[in-house]
Every structure is written in C-alpha cells, then in structure tokens.
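All remarks here apply to the structure that follows.
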Amino acid sequence: MEEKSSARFSEYLFAKMDGQDVSASQGPRKVTADTRKFMRENLLLIVTLSGVLFGVVLGFGLRPLGLGDDAVMLISYPGELFMRLLKLMILPLVIASLISGSASLNARMNGMIAVRTLVYFILSSLLNAVLGVVLVLLIHPGNPGIRKSIATSHNGRAVNILDSLLDLGRNMFPDNIFQAAFQQAHTVYVPKTPPFQNLTSVSISSDPVIGDEELMRVTQYRSGTNTLGIVFFCLVFGTFLGTLGEKGQIVIDFFKAVFEVIMRMVSTVMWMTPVGITSVIAGKILGVADLALVMSQLAWFIVTIVIGVFFYQLVIMQLIYLAFVRKNPFKFYAGLAQGTLTAFAMASTAAALPVTFRLMTDKLRVDPRVTRFVLPIGCNINMDGTALFVAVASIFIAQMHGIALGFGEIITVILTSTAASVSSASVPSAALVLLLVVLSAINAPVYNVSLLFTIDWFV
C-alpha cells in the first residue's frame, strides 16, 4: 500500500512538473478560482449594482406605507451626503487633471486632441438629436389626452437660443476666475427702467415678467460652479505651463500630486456607493406623489427615451469604437459599468466624474494624459443624452397640443437641441431648462414642461 501511495505521489509530482491536468476536480477548482478573481476585481461594481437593485426594491416596498415627508427625507439623507462628497471633489479634480494633463502634452498635441475631441462631441450630440427626432416621429408618444388629465401652470417667458449661446460665451471667458468657482452668468429679462427713474427703485429679479410691459436683457450671476470657464482657463494655463520646461516642472508636479490625492479620496468614498445609491433611488421613488399615474400617462414617452438611449449606447457607440479602435467595444464599456450606474443613480454626469477617472486609469489603463485632458471637457460639453431627451421632449409636447411640425421646424429642433446640449450644465434637471429654449424656437407651449419633472431623474 505504501509503495502504491508513493508511486501515485511520484506520478502526481512529475505530472505537475510537466504541466498536466492530474485531478478530475481541477476544472471545478479552476472555475472557483476564476470566480473568486472576478469577484475580487469587480467587487465594487457588484455592490454598486446591488445598491441600485436594493434601492428600487426598498422604494417600491415602502410606498404602500405612505411615509411622510420627514421619513422620506431621512431615507434620502445618506444619498444626499454621498452626492455632496462626490461634488466636493469635482472642482479640484477638474483643475488638477486639466492642468497636469495639458502641461504633459506639447501645444501642438493639445490642439490636435482638443479639435478632435470637440468635433466628436458635437457630432455625437447631433447624432443623438437626430435619433431622438426619428424615434419620437415613429412612436408618436404625444397624446393630447395627457395634457387634459394633468393640471399645468404657466412658467413665464423662456430665454431664447441666442441668449443661451451668448451665455455660453460669457461663461467660457469669465472675467473673474475666482468668481467662476461659485457663480455663472445667465441672461434674464427685467422691466425696462425709465430714463429718469431712480434705478434703486427697480427690483431686479430672475423671474420672467408677463404682460405688455417692455423688457430688457440683463446679465446676472446665479449660484453654481462655472465649470466651462474653469475648464477653458485650466487648458490655456496648462498648455503655456508646459512650454516653460524645467521652470514649470515644480508646478506640474504639484498638480499631479493634487490629482493623486483626490483620486485616493475617491477610492475611499466609492465604498459608500451601495448605501448612497440605495438611499438616492429609494428617496426618488418615494418622492413621486402618484408614481403609477405618472408612469401610465407618460409611458410611451419613457419608452421612446429608453429605446433611444439603449440603442445609442449598445449599438451606435459600440460601432463607433469598433470602427476607430479596432478592439472589442463591449469589454471596454463593461469596464465603465460602475461609472454608468453611478451617473444613472445620481442623475448627474459631474457626480460620476471622479468614478470615471478611477476606472479609466486603474482598470482600463488609458493614458492618464489623455483622460485628464478629455474627461473634464466631455463632462461639460458631451451631453448626448440631453440632446436626445430635449429633441424627444420638445416634439412630444408639440404632439400633445396637436401642433404639426414641418421640415423646417424639425431641423430647428435638431440644431437647437444640439446647441442647447453643448451649452448645458452637467447638473441634474439641466435638460428641463434647455427644453424651454427649444420649445421657444418652434413656438410650442412651454407650460407643459412641468409634466416631465416627475420623471426627469429616471430618463
């Protein structure tokens, strides 16, 4: 028996040395090892997805209890803190990444990347606007009965597309870079002051004025980070910093160190994702007064948006990646799944920026010089979903009112949706503000925009 055991052991050793499969159970063991490796590498993604699912279950599970406002607020509170932590890191992350990224490339390379990036972002937004128009015309979700069944209120005069584009230029070239950290310029209409009237007697408000009173444009400042101006300043600053050579290296190293510190903070905060996302989604589901009524009345609108988003993400984006990169696109986009889930749950591209940075550099191994240059710009300009949403929503509202749009109006919707998405802010519900611009361009009623507030976070 001992000789047989010794012989078997020797055969096992020689087989191991030759790299042979000597165990019938080695296959299952290998599968188990691969599973553990997958779980270890994608643990954060798995718990993030679990947070999304648990948030949906928790939200719908608590709805029958009829919780009060205080209870809903407390359920949403952890998610609010999570969003505040993410937004806290956005400004230093954008500044450090853009300056260090643009300084690491020469001026000519910066120009080439910037031009290609902007062209791609604009064309992709235009493509989404066209896709949205095609889908909304084919599906025709706008039922006039929806307008009759929901009470609406008039929200006053909307700022037109010219004002939006002019505000884009004002914010791109801020007159005070420190003010840009907490305020952004926007156009409002105020009563025109008579020549000899005391100017201090006029109450200037950002609220629109209704009636026959003569109005004038006024540029004011509102709360909110002017990210576009900061992005432009940092790109220019970093480009010229890179031309200084050794003189500017100490400054470049400083911003690189700041970027690394912020990314380590992001890695720590990300472990709060399951709790934060669960809280946010559950709170939003509980916050809708009559979810069944809203979903039933706007079901076809939601279906149109969802079809457009999934078709663009799963088909068009994959084909674009395959055509230019010549690699498996699904493997790349699977690596960004956690960032996609975070952006969906937070309803904000900006909130997902720190997560996307970490995934691009640590998991997908993309050149950090490129990610630091492109991601902050894309976070503020590349609003593909906004272009699709605004195009669909504007024609949806026109259909509700029985307004037949001609070829000229359709082209106007496509162009204004693209322009509005480029000038949009990467904050929640920015699309609803831009929708007013497009509706004004095609002379459609603006007071039914309130219908979409209840589902904006979802679509």
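Each residue, glycine too, has its Cβ placed from N, Cα and C.
So that you can see what the record holds, here are the features copied from TrEMBL:
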- 43-62: transmembrane segment (TRANSMEM)
- 82-105: transmembrane segment (TRANSMEM)
- 117-139: transmembrane segment (TRANSMEM)
- 225-244: transmembrane segment (TRANSMEM)
- 265-286: transmembrane segment (TRANSMEM)
- 298-325: transmembrane segment (TRANSMEM)
- 332-353: transmembrane segment (TRANSMEM)
- 373-397: transmembrane segment (TRANSMEM)
- 404-425: transmembrane segment (TRANSMEM)
- 431-455: transmembrane segment (TRANSMEM)
By Cβ distance under 8 Å, which residues at least 6 away from the ends of the transmembrane segment (225-244) in the same chain are close to it? 90-91, 94-95, 98-107, 110, 114, 168, 171-174, 177, 179-185, 251-252, 350, 373, 376-377, 379-381, 425-426
What residues elsewhere in the chain lie close to the transmembrane segment (117-139), defined as a C-beta under 8 angstroms and at least 6 residues from its ends? 300, 303-304, 307-308, 311-312, 316, 373-374, 377-378, 381-392, 395-396, 399, 410, 413-415, 417-418, 421-422
Best-packed against the transmembrane segment (298-325), counting Cβ pairs under 8 Å over 43-62, 82-105, 265-286, 373-397, 404-425, is stretch 373-397
Looking at the transmembrane segment (332-353) and the transmembrane segment (43-62), are there 3+ C-beta pairs under 8 A, with each pair at least 6 apart in sequence? yes
Using a threshold of three or more Cβ pairs below 8 Å, and leaving out pairs closer than 6 in sequence, do the transmembrane segment (404-425) and the transmembrane segment (373-397) count as in contact? yes
Residues from the same chain, set at least six apart from the ends of the transmembrane segment (404-425), whose C-beta lies under 8 A from its own: 121-122, 125-126, 128-130, 132-133, 137, 161, 164-165, 167-168, 184, 224, 227, 380-381, 383-384, 386-387, 390-391, 394-395, 398, 431, 433-434, 437-438, 441-442
